[in-house]
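Just below is one structure, and these are the notes that go with it.
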Amino acid sequence: MKSNEIKFKLLGYFKKKSRPSVTIIQDSRIDEGFQQQKSNSSCPSLNSSSEHKIGNIENGILKDFLYCLPVELGCAILSLCDQQSLLTCHQVSKYWNVLCRDNIVWKQLYLNNLGDIYHSTLNLDYKSLYRRKAQLLQRWKNGTPIQLQTIIGHSDSIYCVQFDTTKIVTGSRDRTIKFWNPNTNKCIRTLSGHDASVLCLQYDQSILVSGSSDHTLLVWSLKTFTILYCLRGHTSGVLDVCFNDKLIISCSKDATIRIWDRSKGQLIKVLVGHRGPVNAIQLIDQQLVSASGDTFIKLWDIETGACLRDFLGHAYGLACIRFDGKKIVSGSNDNKIKVWNAGKICFIYIYYVSFNSLFILDTGECILTCEGHTGLVRSLHFDKDKIVSGSYDQSIRVWNIHTGECIKTFSKCHTSWVFDVMFDETKIISTSQDQKILIMDFAYGIDTKNLIKS
């Protein structure tokens, strides 16, 4: 039986207004290895005057169907309920109450509805964990209550940001890269090396790569905080950068995309195809997506350098793009956000007469358009449930990625253009022309232990 069918049947049992007491004939203690029959039924009988029916009638006696099942199966059924239904089940009988409080039931309920559990321990209270995660998700839905914090330290516009649980890293028009402690909001390190604005950056555990208006990329060691390589080749500002364990890829106002060897700092190939500035790129496995001021999104195979597909739908130039291997989300100067089905590239060779024919089977259609911003959508970030965007209209918006609905708008959270935005499970961090780093903390006052990666 499907989980939805089970839920529907359960609702018929416990979603009633009257809840008279239940007379349990058998001992409330559980011993699956021994059951002694104390009545004409092997299951507990209910007060015959009660109108509330928990189970089926057999030989004139009402049966609690859940009591008749093995404990493990009863717990498995209850774990298919949602939180409110499970809390309602608590009130049905003493036996149901015992099952509903079982830690395994709440663990499975969490995994079914709320996702992964991080750093799980044997004595973890899953009911408490569920409540904390549900409270956090409700804050994301409502947009309140949250704690707003502002960090000031750069002396000019802040173009880019990346963060994790231990640090926030920003790049600015003041030509510096700054590291901030997310607990104290204090600057803990400043890197200087570019001769012009720092327009983009990305880091992992060992290196940080920054791109600048000075046409160069700098590769920094995160152990020594010194420059390992200076990558030269672009003839205009470097607008975005991404990398994996082997390659560094950059895009520029010069309309090119350059692929570099990460370990040697040498240029491998140049991708040419856009007819305007390439403003943003994103790399997943062997596929790269790029967004340009020429209104085109392109999907590339970085191994061959071939352009696999074009996506056309925005009315004006694109400013930002994100890609997870299946979906592409783009933001444009037409004030819109579009979600695209990246599809799956299939190469099929069919032998016919004396030659092979090549067919590409794909989708690539625009599946969603989000409208609401009144200025250029400068930056965005997304996960499986939502999109967070920042705009020249000085607002940050949260969108439902499945319906396109704007869930929440944070209006005038900055006093000038929003340049970059990023989020994780607990917070949104944005940067702006107003020289401020804004932190929206949705987990303020919530114990996030076991809820998020650390």
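Glycine too: its Cβ is placed from the backbone N, Cα and C atoms.
Remember, TrEMBL labels are computer predictions, not curated facts.
Note that this is a predicted model, so its numbers are computed, not measured.
For 63-109, the entry in TrEMBL reads domain 'F-box'. Feature annotation from TrEMBL assigns repeat 'WD' to 151-190, 191-224, 231-270, 271-310, 311-341, 370-409.
Averaged across the repeat 'WD' (311-341), pLDDT in this predicted model comes to 96.
Long-range neighbours of the repeat 'WD' (231-270) within the same chain, counting only residues 6 or more positions beyond its ends whose Cβ lies under 8 Å from a Cβ of the stretch, are 196-197, 199-202, 204, 207, 209-219, 276-283, 288, 290, 292, 300, 302, 305.
In terms of DSSP secondary structure, the domain 'F-box' (63-109) contains 29 helix, 0 strand, 18 coil.
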